[in-house]
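A.B. asks: Before anything else, here's the structure in question.
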Amino acid sequence: MLGALLRLLSACGGVWPTSPAPPARSSSSSSAAAAADQAAAEGRDGLLWWRDLARCHAGELSVAVVQGNHVLEDQCRVESGPPPLAATCIGVFDGHAGPDAARFACDHLLPNLREAASGPEGVTADAIRDAFLATEEGFLAVVSRMWEAQPDMATVGTCCLVGVVHQRTLFVANLGDSRAVLGKKVGRAGQITAEQLSSEHNANEEDVRQELMAQHPDDPQIVALKHGVWRVKGIIQVSRSLGDAYLKHSQYNTEQIKPKFRLPEPFSRPILSANPSIIARCLQPSDCFIIFASDGLWEHLSNQQAVEIVHNHQRAGSARRLIKAALHEAARKREMRYSDLMKIDKKVRRHFHDDITVIVLFINYDQLAKGHSQGQSLSIRCALDH
């Protein structure tokens, strides 16, 4: 199936034209030329937005988002900044029950990380954890403040996937079921292979169900199978998130929230957690690129399919190309043409696919090893209307 998909992507290359990698410029390049580069690489087509290729401290990256929900619930952000935090920071935020938590996390998590890492130790797992905690506390303060006027804020949450490349170390932190996948070369032939870096906190995973049951031994209904899908308390698939105050603090489990979110019995300790899984990895010369994406992509593509699509094409437009492959597969599953899928309005598009966010980071190992950085400071956010 992958071979056919790759041939289809090559044959349809004219649908979403890609930009070649920008040539290297001297430090005297004008700001007007830089702006022209950005304009050429960034675009929008209906419910799709992209930034084909941009230089950052860790190498180059490609970003794309397609809207599937009536109101966009995915958010993303890239910050590749100057000292004191000379690092490339990536955030993918997949909201649920509304966009508010994802928007808040997008606004605050990476700035909180910059602040947490401003001390002498710099970027560490503890600094990242502190940034997640500060963002969670900030959003819960908003929920508390708006409780009487807007109680639905207590039922809004988001998955959070954060990647940080600082010097030659990669950190990946995750709440929920977005995913980071490394494409690396193995063997003498340099065959590309996928390695999943993030842990997924989804009740459909056996180890997640076991973790929940161990944490709540007195609750036989901590996970329930509904319509073939495992859910925490029969309500939500993810076991860790930012927000979702109604499953963390019992004062929000009242008649003020919608019946579908209400628990029939009180609870004495949080059901969901905001404690991220964090890995630290020393990057190697064989590590080529990392795909950061919300679960909307992984519903339709395997890890290996995704890394092969990136590896077998030029860098520019990689994120768009992955989204296009996922949408082709979504259309195939519904026995419809891709062109017809793309005509469907956002009011009903969610019946066919979720919001999908993809960020592909191409690692420049030599640059990192020398302690050099290329490009100016970079800040990217999705420009899709909500």
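Yeah, the Cβs are placed from backbone N, Cα and C, and that goes for glycine too.
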A.B. asks: Given that Swiss-Prot lists D94, D295 as binding Mn(2+) 2, which residue among D152, D244, D354 does it place in the same site?
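C.D. replies: Matched candidate out of D152, D244, D354, per Swiss-Prot for Mn(2+) 2 with D94, D295: D354.
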A.B. asks: Starting from each candidate's C-beta and looking 10 angstroms out, tell me which of the binding-site residues G95, D354 has the most other C-beta atoms.
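C.D. replies: Counting every other Cβ within 10 Å of each candidate, the maximum falls on G95.
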A.B. asks: According to DSSP, folded down to helix, strand and coil, what is D295 (Mn(2+) 2 binding site)?
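C.D. replies: D295 (Mn(2+) 2 binding site) sits in a helix per DSSP.
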A.B. asks: Reduced to three states, what secondary structure does DSSP give D94 (Mn(2+) 1 binding site)?
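C.D. replies: For D94 (Mn(2+) 1 binding site) - judged by DSSP and reduced to three states - the answer is strand.
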A.B. asks: Does D295 (Mn(2+) 2 binding site) have same-chain partners at least 6 apart in sequence with Cβ under 8 Å from its own Cβ, and which are they?
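C.D. replies: Set apart from D295 (Mn(2+) 2 binding site) by at least 6 residues yet with Cβ under 8 Å, we have D94, C159, D177, S178, R179, D354.
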